[in-house]
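**Q** Encoded as structure tokens, here's the structure I'll be asking about.
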Amino acid sequence: MAAKIISGKEISKEIREELKKEVQELKEKHGVTPGLVTILVGNNPASVSYVTAKQKAAHDLGFYSVQDNQPEDISEEALLDLIKKYNEDPKIHGILVQLPLPKHIDERKVIYAIDPRKDVDGFHPVNVGKMVIGEPCFLPCTPHGILVMLERAGVEVDGAEVVVVGRSNIVGKPVANLLLQKRKPVGNATVTVCHTGTRDMAFHTRRADILIVAAGRPKVVTADMVKEGVVVIDVGVNRIGTTPEGKAILCGDVDFESVKEKAAAITPVPGGVGPMTITMLMKNTVEAAKLWAGLPCEVA
Ligand code: NAP
């Protein structure tokens, strides 16, 4: 049985259409234009391409968007001052600092400096804490995107055995946390988290009704490690080469070709989780704009 492909590209398209209408309405009825700044330090090629895609999405949705490029050798102090400036800028509702940052800058200090009410990445400890106790807040974009994909693909999460591979602060931990919350329709699962200290990973992955893989290792999950009918969300983005035209060749953390023969549904790489991450950043920015305008919103 070949798996149904859960297309993040298609689901993203739907959500962006909905957001476009919402932005239009915010402008017409309330005179509010969602504002997003993306701050890029240096010119790491992957970061440049992520920031470019975020800016394009913001522009297409009719946001007020600012791309702020800073040199690789910007001091930590100057970067913190820049964040302070955007914290105080009423036209900006969302601040995104593209990670990773150069080694001489403490990422933690930078994340802490962002006003939690403009933290559209959902990385500030205030938002992380609220997420853990189930309060409204900015959810981190990749885990939020995964929740929305599961919901729109009609996957039954309530009561499911979910196995997450990876425990990073941006993917593994938050997605595990969100799925175990007593929340419908996407939540109330029994969640297991695997990592490099897990003794027998296949023992766990074979039990999964839903398997979410964010290990950052190409094809670390193979067909022998999953059961028939599993739903697979592959978060990994691994650059495994370049085409003669110089384009990156990508693959996920799951061996797509073999696993799709056993899975009921699977996300592709590219075109799976990636587009959803950017879309949820846009969603968070719209929610931030509503928050600052004193309108009902999902984050407060
Ligand atoms: P990360 O910070 O490197 O964390 C990887 C996690 O996987 C760690 O917890 C690590 O365990 C675990 N791990 C690594 N190899 C493993 C193995 N062989 N068996 C079991 N666990 C293993 O990575 P991340 O930031 O979460 O990202 C994961 C992947 O998702 C990357 O490919 C990244 O590019 C991709 N990503 C994609 C998007 C998107 O929008 N599509 C967004 C974010 C990330 P330890 O904790 O024990 O080291």
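Placement of Cβ uses the backbone N, Cα and C atoms for every residue, glycine included.
Where the annotation comes from TrEMBL, it is an automatic prediction and has not been curated.
Look at TrEMBL and you will find GLY166, ARG167, SER168, VAL237 tagged as NADP(+) binding site. What TrEMBL lists as domain 'Tetrahydrofolate dehydrogenase/cyclohydrolase catalytic' is 6-121. According to TrEMBL, the domain 'Tetrahydrofolate dehydrogenase/cyclohydrolase NAD(P)-binding' annotation covers 140-290.
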**Q** Taking helix as H, G and I and strand as E and B in DSSP, count the residues of the domain 'Tetrahydrofolate dehydrogenase/cyclohydrolase catalytic' (6-121) in helix, strand and coil.
**A** 61 helix, 18 strand, 37 coil
**Q** Please give the maximum pairwise Cα distance, in Å and rounded to a whole number, for the NADP(+)-binding set GLY166, ARG167, SER168, VAL237.
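**A** Taking every pair of listed residues, the largest Cα separation comes to 16 Å.
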**Q** Within 10 Å of the Cβ of VAL237 (NADP(+) binding site), how many other Cβ atoms can be counted across all chains shown?
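**A** So the Cβ neighbour count for VAL237 (NADP(+) binding site) comes to 20.
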